[in-house]
Structure formats: structure tokens, C-alpha cells
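First the structure, in the form of C-alpha cells, and then the observations on it.
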Amino acid sequence: MSLWWFITTLAITAFISNSPVYAYDNNPLQDICVAVNDSHASVFVNGKICKDPKLATADDFFFSGLNVSGNPATLFGFAATRVDVTTMPGLNTLGISIVRADLEPQGLVPFHTHLLATALITVLEGTVYAGFLVPDPANFFKSRLFSKILNPGDAFLIPQGLIRFVYNVEHKKATFLASFNSQNPEAIMIPSSILASEPPIMDDILAKGFQLNKSEIAELRKKFS
């Protein structure tokens with residue numbers, strides 16, 4: 001079976017499993033709410049628990065390292081450096097975050113989605129091919145592709161909850177920034193979410209769903225293990 005058929009079916013599966021209702025970050029009700037990890041706290045909020053404002057420092061609102069590329073993921077050839085509520089606690093309740101992505105030559109940020117955020121990507125270096133898929137309301141087995149070739153200085157908007165990808169089309173590295181309207185955009189990487197789930201999805205289901213045989217499913221599992 002063609003691997004392209006597998007990829008197409010994988011994207012369709014993500015479409016029909018997506019909820020039509022999307023979340024977003026609410027406006028804060030206080031000036032600052034620096035996140036603090038407290039596994040013994042008895043109060044849970046939509047986000048993280050707030051540190052006492054009197055204990056907040058400038059470091060809670062600081063991050064260093066966006067000028068440095070991360071270590072690329074070996075399977076797809078991309079690295080991501082996140083500035084979100086986990087790396088900058090002062091972002092808690094403020095509804096923003098940013099990611100630096102570095103792609104090796106022909107590197108790919110594979111099919112994924114951010115259920116909690118819209119993304120605005122801005123290319124800093126290199127040339128990338130970016131796109132997102134919008135479901136066809138008349139036929140959920142089809143979709144419409146919105147895509148652009150982006151060069152340094154170009155920006156591309158990807159609406160919340162839609163499947164998207166970014167591919168480095170050149171033989172040199174590429175870098176872009178992705179800005180989100182959420183403190184935690186929650187990336188869901190579609191191929192690995194399906195093929196490397198714990199516990200694993202039955203081979204019969206994957207083979208039937210993607211029209212592949214079990215040996216092909218086994219080979220794909222090895223790549224994501």
C-alpha cells in the first residue's frame with residue numbers, strides 16, 4: 001500500500017475525531033498570577049495555582065534561550081524551544097506563549113494540532129512550506145488545503161484546532177517563531193499519538209483504519225517507538 005494513502009487517512013482520522021467546540025484562555029482577574037507547582041494544594045484552577053504576588057520576582061517573567069536552536073528530533077528533523085507557562089511561570093492566566101522551531105534540511109513539523117490556540121508563524125531564516133487543512137462540511141472524508149511558501153519576514157496564520165504542518169523545502173536549516181493565544185497551546189502530534197499510544201491501539205484497528213497490512217503497521221510502530 002502507498003505510504004501517501006496512509007498519511008491521507010491519518011489526517012482524515014484526526015478530522016473526524018476532533019471536537020467542534022474549541023477552548024481558549026480566559027482574561028485574567030488579577031494583575032499577576034505567577035504559576036507555582038504544588039502537588040498538595042487543595043484548590044484547582046483553569047491553569048496553574050498562583051504564587052503569592054508578594055513572592056513574585058522578575059525571574060518569573062523572564063526566559064533566556066530563544067536565540068539558540070534546540071536538539072532536532074531524529075525522526076522528523078526539527079527542534080522546538082518553548083516559552084510557555086512551564087518555562088516562564090509569569091505567563092500563567094495571560095493567554096500567550098511562543099515557540100522557536102528549527103528545521104534541518106527537509107525537516108518536517110509533522111501533522112499536528114493545537115486544540116487550545118491559534119498560531120501565527122513568522123519565518124526568521126530559510127524557506128518553509130506551511131499549510132493547514134479545513135474539513136469539507138459536505139464530506140468529512142475530504143478537506144481543503146491552505147498553504148504557502150514562506151520566506152524570511154513572511155507570516156502565516158493557522159486557525160485554532162486545525163491540522164497543520166511546516167516543511168523545510170531547502171537544503172539548509174530554517175527557523176521560525178510560532179506565537180499562540182494560549183499559555184499552553186497543547187500540541188497533539190497526530191502520527192505519534194496514534195502509533196505510539198499507551199496502551200497501544202490494536203493492530204487490527206490500525207490496519208483496517210489506514211488500509212495497511214499488519215507488517216506495515218509493525219514497521220511504522222518501530223519508527224515511533
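Even glycines carry a Cβ here, placed using N, Cα and C.
Straight from TrEMBL, the features:
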BINDING   HIS112, HIS114  Mn(2+) binding site
BINDING   HIS114  oxalate binding site
DISULFID  CYS33-CYS50  disulfide bond
DOMAIN    64-218  domain 'Cupin type-1'
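Overlay of TrEMBL feature records on the structure.
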residue	record	contacts (Cβ under 8 Å, 6+ apart)
CYS33	disulfide bond	GLY47, CYS50, LYS51, ASN92, THR93
HIS112	Mn(2+) binding site	ILE163, ARG164, PHE165, ALA187, ILE188, MET189, ILE190
HIS114	Mn(2+) binding site	GLN160, GLY161, PHE180, SER182, PRO185, GLU186, ALA187, ILE188
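Neighbour density for CYS50 (disulfide bond): within 10 A of its CB lie 19 other CB atoms from the protein chains shown. The domain 'Cupin type-1' (64-218) scores a mean pLDDT of 95 in the predicted structure.
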